[in-house]
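Participant: Mind having a look at this structure? Questions to follow.
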Amino acid sequence: MKVLVINAGSSSLKYQLIDMTNESALAIGLCERIGIDNSIITQKRFDGKKLEKQTDLPNHKIALEEVVKALTDSEFGVIKSMDEINAVGHRVVHGGEKFNSSALINEGVEQAIKDCFELAPLHNPPNMMGISSCQEIMPGVPMVAVFDTAFHHTIPPYAYMYALPYELYEKYGIRKYGFHGTSHFYVAKRAAAMLGKPEQDVKVITCHLGNGSSITAVKGGKSIETTMGFTPLEGVAMGTRCGSIDPAVVPFIMEKEGLSTREIDTLMNKKSGVLGVSSLSNDFRDLDEAASKGNQKAELALEIFAYKIKKVIGEYIAVLNGVDAIVFTAGIGENSATIRKRILADLDGIGIKIDEEKNKIRGQEIDISTPDATVRVLVIPTNEELTIARDTKEICETEVKLRSSVPI
């Protein structure tokens, strides 16, 4: 079975074609600047051969048509025709309270995704555009929605409820949902394998650190607490997001600066985080370099980022009643030795110690803790696309079995 994995954003579309026989990516691609001038599609084959093409991409449907052309290209493609694509897996950011697992897409699932538009206005609408475009181009091909929020449905009510009037939850669904679930699920599963223990016996804290960052406490393979909340704004400080702050700060700034609700939302989501504190960049490589040259605001931004995560690790050790491993993943978590070192400094009192040389290794699964550490520290490159492809394959095969078992 070959599964096409789609992650449709507002002006971009990431994709992978995965051969599920050996779970290998045949091609990885990206459409950029959809609906904007100077659109481009890039695709890299399993053998390293690369396609790069500037072309007009006015909408997601045209972008997906270009994806199919790239995948079937006589020189750069990996399949002869679109018929070789057996199923499509779509990343959908928000499933609300309706989905605790991935789902075969039908009219009811589509409507439920649309019902969550107001919960994820920046993500669900383009996710849905990706689904609709695929349905037009590939009619009859089974499609599966894999939700970022689904993994966190095992968080108990006392952890996901906010101490607000209960009627607001009943009316508007205001509660913690959590995000990056596909990534947290994948690395938690890999952590159990690396530890050589059954999933049900493992307690891990997974740190998905990128421009958006979230931490999750995983017990027995299930999420029991996470930092992101009603939206991805809650939690630790991030690249451009402020993370958790005193809520009273919001009306105070609005009054003092004369900001509208849209403007304060933009300030907290796009102008804050390490970018806001440093007044320099949301790229941690730039901040590292600036801090090493004595830029105090860059150093402060990095200190805040690391401290907030360190504090959550302590909280989650209490929530889990002990921990087997701390896992680092995603762009920063996988690649920044300096950030990992900052976060884990002075935690030897709770059994966390890292090997300086192992910590410098990049791009592979590795245990970077010292032999005498009682808590393992694991770096695990995430693979959300493979998780989406696995769910898609499982659901499609189950559907085929169900249909074949129905008497005629």
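Positions of Cβ are set from backbone N, Cα and C atoms, glycine also.
From Swiss-Prot, here are the annotated features:
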BINDING   ASN7, GLU384  Mg(2+) binding site
BINDING   LYS14, HIS208, LEU209, GLY210, ASN211, GLY212, ASP283, PHE284, ARG285, GLY331, ILE332, GLY333, GLU334, ASN335  ATP binding site
BINDING   ARG91  substrate binding site
ACT_SITE  ASP148  active site, proton donor/acceptor
SITE      HIS180  site 'Transition state stabilizer'
SITE      ARG241  site 'Transition state stabilizer'
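In the displayed structure, how are the listed features positioned relative to their neighbours?
Facilitator: In the three-state DSSP assignment, the secondary structure recorded for ASN7 (Mg(2+) binding site) is strand. Of all the Cβ atoms in the protein chains shown, 22 others lie within 10 Å of the Cβ of ASN7 (Mg(2+) binding site).
Within the same chain, residues at least six positions away from ILE332 (ATP binding site) with a Cβ under 8 Å of its Cβ are LEU209, GLY210, SER213, PHE284, ILE339. ILE332 (ATP binding site) carries a helical DSSP state (H, G or I).
Cβ contacts within 10 Å of ARG91 (substrate binding site), excluding its own Cβ and spanning all protein chains shown: 22.
ASP148 (active site, proton donor/acceptor) falls outside any helix or strand according to DSSP and counts as coil. Around ASP148 (active site, proton donor/acceptor), the C-beta neighbours below 8 angstroms that are at least 6 residues distant in the chain are ARG91, VAL92, VAL93, HIS94, GLY95, PHE179, HIS180, GLY181, THR182.
There are 29 other CB atoms within 10 A of the CB of HIS180 (site 'Transition state stabilizer'), with all protein chains counted.
If you draw a 10 Å sphere around the CB of ARG241 (site 'Transition state stabilizer'), it holds 26 other CB atoms from the protein chains shown.
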Participant: Whole-number Å only: compute the distance from the Cα of ARG241 (site 'Transition state stabilizer') to the Cα of GLU334 (ATP binding site).
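Facilitator: Here the two Cα atoms lie 20 Å apart.
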Participant: If we check Cα distances from GLU384 (Mg(2+) binding site), which of the binding-site residues LYS14, ASN211, GLU334 wins as closest?
Facilitator: LYS14
Participant: Distance check, please: Cα of ASN211 (ATP binding site) against Cα of ASN7 (Mg(2+) binding site), rounded to an integer number of angstrom.
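Facilitator: Rounded to a whole number, the Cα-Cα distance is 17 Å.
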Participant: In the structure shown, with every protein chain counted, which of the binding-site residues GLU334, GLU384 has the densest set of Cβ atoms within 10 angstroms of its Cβ?
Facilitator: GLU384
Participant: Using Cα coordinates, what distance in whole Å links ASN7 (Mg(2+) binding site) and LYS14 (ATP binding site)?
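Facilitator: Here the two Cα atoms lie 5 Å apart.
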Participant: State, in Å as a whole number, the widest CA to CA span among the ATP-binding residues LYS14, HIS208, LEU209, GLY210, ASN211, GLY212, ASP283, PHE284, ARG285, GLY331, ILE332, GLY333, GLU334, ASN335 given in the record.
Facilitator: 24
